[in-house]
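K.L.:
OK, TrEMBL features for this one:
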TRANSMEM  7-25  transmembrane segment
DOMAIN    139-299  domain 'SSD'
TRANSMEM  140-161  transmembrane segment
TRANSMEM  168-196  transmembrane segment
TRANSMEM  202-225  transmembrane segment
TRANSMEM  246-270  transmembrane segment
TRANSMEM  276-299  transmembrane segment
TRANSMEM  512-531  transmembrane segment
TRANSMEM  538-558  transmembrane segment
DOMAIN    541-660  domain 'SSD'
TRANSMEM  564-588  transmembrane segment
TRANSMEM  609-632  transmembrane segment
TRANSMEM  638-661  transmembrane segment
REGION    669-688  region 'Disordered'
REGION    729-757  region 'Disordered'
COMPBIAS  735-757  compositional bias 'Polar residues'
């Protein structure tokens, strides 16, 4: 170890009385002339022989300043690969500006290094705070890039790929809604005193996923309108769209909002702050998508009605002749796959068995993972890999592995005087613990009793008994008051509160379970109120729970733990999981027919929108795979799992369960607005007929005075049907093709039996 290696920071050491330094240079009193004259043998000799600091007069263990040491047979240090130096500065308002400048110079000098030293690692008081903030915002380009990727995807699939039926500007309007929701969330949350921390950086991804999901659901409802509804004027057409899509986006938005409102009741400040930001953002997004986005959709429908260009709508029109959109441009691959692929396959019995077995297998394996999931968090994870602060911590772990983590034991309102034996036993137990570094404990009680046994202060001795302990509780309190008052006088009355960010970690697990549990209860209640069917709501709830268990269980196998970041994402996943299942459950309850038919129709109508919403969420954070930030990387990993398991449980498992155990459909409102088909319909003199509905496999009782129109699946029963007779269900009843043709008949009263699936 060359003596010149220790001269680099001597200029900083001479900072004056505002600085206290702990360094190996202390054993030579920071005398640069003397240090320059030292030989290698003298350095090694002094390191192994000096036990008292010539600067401060206290006992020192020089080996604690050295890392990765080599010793000889007698235990003496012969070499070391690292040395640590610590500067303590005065921290008050008057010195704040000077301290900041000093730290800046300290960091710059350390990062500049020295030609005689292999590597210099540096960490100042403000380093962690600044580097963690940089980590939170350093990947802003990935955030922007993720939004751009989603914009391109949405523009591609939201409309048809031709001059008239693209929806580029409608997509822009949807993303403006999402952007405004983010701004309103930040503004209101900041106004009510909530700080914006590193975890809030994932909020834009959350709102992006929810907002795009709402867009797809609304547009899918427009595309699935019946021919009669498509022929309506624009105001009534939009009313029909919101009648179908409004409940779906309300279910998902309200459940997400309630989940985060419950999360905001946590005692953990960072988690509470994030939930408040998210709740404001989701509420704002719901209002904007239901009003702002649909208003732009109205403008887009008027543009189509006037045959204006999708991009240059202000100046370019496409008259019917000669321009007609190519039929190929109107074909979309994903809806085709859902209609002719998944909707047909999922209703086959062998496929259902495989789906259930796979789901049970995943659930079993991941329940094991949940049981063994550990709670652990290292605040250093918040630093980017390669940052100077992270490099310092890595070097400390390498060269000073025995330094460990600092822990504290605090005692509350106890009898300090009367429990001397317990305090002494506590100190002894900690000193002898195998998980605590030797000689690293520092107990004020042990220091007090040691000082009392050796003090010569007559005023103090007068308060002690024969065992050198205060004779009474009053004497103990008077003594501690005397000592603390004297210390306060010597330190100009500074008061320092002992605290550590690690204390929050002790309650994260119980807060996570509490918040997720309460959120799930609230989600079930809201889902039940809006879907209005207990059985379907229970199956939706089951798939949401399955998704959460699968995600949490996989965390264990991927080496993740319960910490602040994963807790936030798990609470967030409650809302995302509901999105994938609630749309399917609600759509299933609004379709007539047997369970098999309703599932096929539900997947065909709502499946593409749910898939698009999940896939766009994945695209939004797909770029985070290259992030150096622990927050962003973890966000990618867990949200990938949420999308994967959520889509599987929502689009595959839930349809299988509903095809076996689903409830009867909700009654659709009829033309008279009485809320549904009555048990007995009076039609004096009306012309009624039984018509085979080839689309749904039913015989439908139709009022001929209103005409017979179809909606692509068969008779438009919502407008023209007075009732449905099921002729084909899971019990193998006859198919419509085996029925005779029915003729019209006169009837004044007809008894109607609801569809039984």
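The chain as shown is numbered from 1 upward.
The backbone N, Cα and C atoms fix where each Cβ goes, and this holds for glycine too.
Predicted automatically and left uncurated, TrEMBL annotations should be read as such.
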K.L.:
Against which stretches of its own chain does the transmembrane segment (638-661) lie, if we need a Cβ under 8 Å and a gap of at least six residues from its ends?
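P.N.:
Those are 205, 342, 346-347, 352, 355-356, 359, 362, 535-536, 539-540, 542-544, 546-547, 550-551, 554-555, 560, 566, 569-570, 573, 576-577, 579-581, 583-585, 588, 595-596, 598-599, 602-603, 607, 610-611, 614-615, 617-618, 621, in sequence order.
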K.L.:
Between 0 and 100, where does the mean pLDDT of the domain 'SSD' (139-299) sit?
P.N.:
86
K.L.:
Between the stretches 140-161, 168-196, 276-299, 512-531, which one has more Cβ pairs under 8 Å with the transmembrane segment (564-588) than any other?
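P.N.:
Counting Cβ pairs under 8 Å, the winner is 512-531.
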K.L.:
Would you mind listing the long-range same-chain contacts of the transmembrane segment (140-161), meaning Cβ under 8 Å and 6+ residues beyond its ends?
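P.N.:
Apart from its flanks, the transmembrane segment (140-161) reaches 167-168, 170-172, 174-175, 201, 204-205, 208, 212, 215-216, 219, 310, 325, 329-330, 332, 334, 612, 615-616, 619-624, 626-627, 632.
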K.L.:
Look over the recorded stretches 168-196, 276-299, 512-531, 609-632 and say which has the most C-beta pairs under 8 A to the transmembrane segment (246-270).
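P.N.:
The stretch I would name here is 512-531.
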K.L.:
Considering only Cβ pairs within less than 8 angstroms, which of the stretches 202-225, 276-299, 512-531, 609-632 has the most against the transmembrane segment (168-196)?
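P.N.:
Stretch with the highest Cβ contact count: 276-299.
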K.L.:
Please indicate, using numbers and ranges, the residues of the same chain that are 6 or more beyond the transmembrane segment (609-632) and have a C-beta under 8 Å from a C-beta there.
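P.N.:
Same-chain residues near the transmembrane segment (609-632) but 6 or more away: 135-136, 138-139, 142, 145-147, 149-150, 153-154, 157, 198-199, 201-202, 205, 208-209, 212-213, 216-217, 219-220, 334, 338, 381-386, 565, 576, 579-580, 583-584, 639-640, 643, 646-647, 650-651.
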K.L.:
Could you pull out which residues elsewhere in the chain have a CB under 8 Å from any CB of the transmembrane segment (512-531), counting only those six or more residues past its ends?
P.N.:
247, 250-251, 254-255, 258-260, 262-263, 265-266, 271, 537-538, 540-541, 544-545, 548, 562, 567, 570-571, 574, 578, 582, 585-586, 589
K.L.:
Below 8 angstroms Cβ to Cβ, which residues of this chain, lying six or more residues outside the transmembrane segment (276-299), approach it?
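P.N.:
Answer is 169-170, 173-174, 176-178, 180-182, 184-186, 188-189, 192, 194, 196, 200, 203, 206-207, 210-211, 214-215, 218-219, 222, 234-235, 238, 241-242, 246, 249-250, 253-254, 256-257, 260-261, 263-264, 572, 575.
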K.L.:
For the domain 'SSD' (541-660), give the DSSP counts of helix residues, strand residues and coil residues.
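P.N.:
Once the DSSP states are binned, the domain 'SSD' (541-660) shows 106 helix, 1 strand, 13 coil.
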